[in-house]
Amino acid sequence: MISPRMTTNLLPARTISLVSNGGAATASPSSPSVAARPRRPSSGTGRGKVSAITLDDYLPMRSTEVKNRTSTDDITSLRLITAVKTPYLPDGRFDLEAYDSLINMQIEGGAEGVIVGGTTGEGHLMSWDEHIMLIGHTVNCFGSRIKVIGNTGSNSTREAVHATEQGFAVGMHAALHINPYYGKTSTEGMISHFESVLPMGPTIIYNVPSRSAQDIPPEVIVAISGYINMAGVKECIGHERIKHYADKGITIWSGNDDECHDSRWKYGATGVISVTSNLVPGLMHSLMYKGENAVLKEKLLPLMKWLFCQPNPIALNTALAQLGVARPVFRLPYVPLPLEKRAEFVRIVEAIGRENFVGQKETRVLDDDDFVLISRY
C-alpha cells in the first residue's frame, strides 16, 4: 500500500494503475516510478486484477486563522530585551515561582521584551516540551505586559519549523532564530532555512559566530530583509556590522553588553538583547534610553566583563544565586564560578550599589557545598 505521506504538496492528485502480472507490479508508462507491494495472483488465473490508487495532495496540518497578531513594528521598537535566566528546583525542574519573580523584576525595571529559552535561559538543556511550556507560561502570565520572544531556532530546519509553529500557537510575540550550527550549511542554505520560518510571525535573526561557528554574512540578511516578518538581527560581530545594517534601514540589536552603549548611540543600533539586564534592568534601561552616558557605561563595564569571564550563563547563574533570587541549582554541564570570582561579584555589587540589583536579600559569597549540580532531570 502506498501511503499519501509519500507524496508532497508539489505533486498533483493522480490515479496510478498498477497491473500485477505473476505477482510483479508495474506502473503505467505515464506514471512516475512507484514502489508498491506486489499483489497476490488471483486464484486459478495466475494474473492479478487491476487496482487503482488515488494519491491525494499532502495536506499540511495548519489553520488558516491568524495565529499571531503582533506586528513586526511592535518588535522593532523594543530597546531593551532581556535574555532571561531559567531558574531550577533542586530536582532540576523549573522553579516557576522564582522565574515569575524574575520576569516581574524585568517589567518593573523597564525591560520591554524577554528572550525565553535562549542561550542564557539554557534552551539547549531543555526538552522541546519544557521549552514550549515555558514560552506558553510566560505568555499566559505576562504577555500583556512584556513582549515574549521564544528561542525556537535549531540547526535542523524541520525542528525549527515545528518548534516555531508551536511557539506561535501558544502565543509568543516573536521568534529568535540562529543559523544552522555544527552541521553548517551554505549561504543559500541559510537563506532557505530562514525563509522556512519567516512566514510564521515576527522573527529576529541571531548571529553569534562564537557559538554557531559560522558567521551569517550580510548578503543573507539583505536577501531576507524584504519579508514582512523580518524584525531584525541580534548581532554579535561588532560595531561595523551594526552600522552596515543600520545604514540599510535594517533593525539591529547589539548582542554584546560591553559594546551596547556605543552601538546604540554611535552606530545606529535600536537597542540591546542583554544578559546584564537580568541583574540591573533599571540601569540597562537608562543606558538604552537616556542618551550617551559615559559615566554609567564605565560603571557597568566591570560587571559586564565579570559576567563573561566564563561562557554565559555560568556567571549569571552564580550571581543570581548569590543575590538570593534563584536557587543555587545548575543543570550540568554548567558549574558555578570558582570562589575568588564569587567574592569578586560581591565587591562589584557594593561598587554599583545593591539597590540597583534585582532582589532584596543581602549579597553573599556562597560556598561550594551550597550549590546543587543536576545531571538527570
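The backbone N, Cα and C atoms fix where each Cβ goes, glycine too.
What Swiss-Prot records for this protein:
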| type | residues | note |
| --- | --- | --- |
| TRANSIT | 1-51 | transit peptide |
| REGION | 21-50 | region 'Disordered' |
| COMPBIAS | 24-44 | compositional bias 'Low complexity' |
| BINDING | Thr120, Ile273 | pyruvate binding site |
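Taking a C-beta cut-off of under 8 angstroms and a sequence separation of 6 or more, Thr120 (pyruvate binding site) has the following same-chain neighbours: Ala83, Val84, Lys85, Val275, Asn278, Asn312, Pro313, Leu316. The 10 Å shell around the Cβ of Ile273 (pyruvate binding site) contains 28 further Cβ atoms across the protein chains shown.
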